[in-house]
Amino acid sequence: MSDTPQSPAQGSLAEHDEARPMRTVKSFVMRAGRMTEGQQRGLDLGWPKFGLELSDEVQDFDAIFGRQAPRTFEIGFGMGHSTLEMAAAAPDIDFIGVEVHKPGVGALLNGLLTQGLGNVRVYSCDALEVLRHCVADASLDRLLLFFPDPWHKKRHHKRRIVQPEFAELVRRKLKVGGVLHMATDWEPYAEHMLDVMSAAPGYRNQAEDGRFVARPQERPVTKFERRGERLGHGVWDLKFERID
């Protein structure tokens, strides 16, 4: 999730089966950024408490969080503002956030320290590698993908994170009844998401008309989104539920 239209923290899409050597197409761009004092504080003091390292083994998140609770996985939380808002509003839910942009990671960690929140853990690496290796199958209640990079140019469409392989990976990680919730402000990408997910087996579109849902109350409105609304820009939300 991000307050900018292009969140840099999406994963890499495998072009081949996982059992074979993989070439990957990155759906994110690593961007350098200057750290503020608060962001550096977050990394220095918050990472030892809330940070997680990529592992080749499935992680016991019940042990990591110290409880059993509904679990939400967020790809690309940007500067972490919406993540903090969701975590504060739902203390009974555990959040796993992934972001490669270090200032954003620092900002979220600093916010966790400042607000005294304990229901968030953070990775700073390729989100799809975390899903593949660290997250058990059928263990997530929700997966959030808010405002991923739309890769506007046609020659870059292969970089979009939402592809058939992504849909299948997410389906494996969601519980039956779990939901993939996506949002974008770029209508052609919204249509692309809809096409990919409508063709993906094992899902049900929760939209009554089979297209898009109204903005769910649980998704915070970002500053970028408010600016867009004032300019008449649209935002499209999609919710697909795993049914088998």
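Placement of Cβ uses the backbone N, Cα and C atoms for every residue, glycine included.
According to Swiss-Prot, the residue from Glu37, Glu53, Glu99 that belongs to the S-adenosyl-L-methionine site alongside Glu74, Asp126, Asp149 is Glu99. For the binding-site residues Glu99, Asp126, Asp149, Asp185, Glu225, the ranking by surrounding Cβ atoms (within 10 Å, all protein chains) places Glu99 first.
Between the binding-site residues Glu74, Lys223, the minimum number of other C-beta atoms within 10 Å of a residue's C-beta occurs at Lys223. Thr222 (substrate binding site) counts 24 other C-beta atoms within 10 Å of its own C-beta, drawing on all protein chains shown. Taken residue by residue with DSSP, Glu74 (S-adenosyl-L-methionine binding site) is part of a strand.
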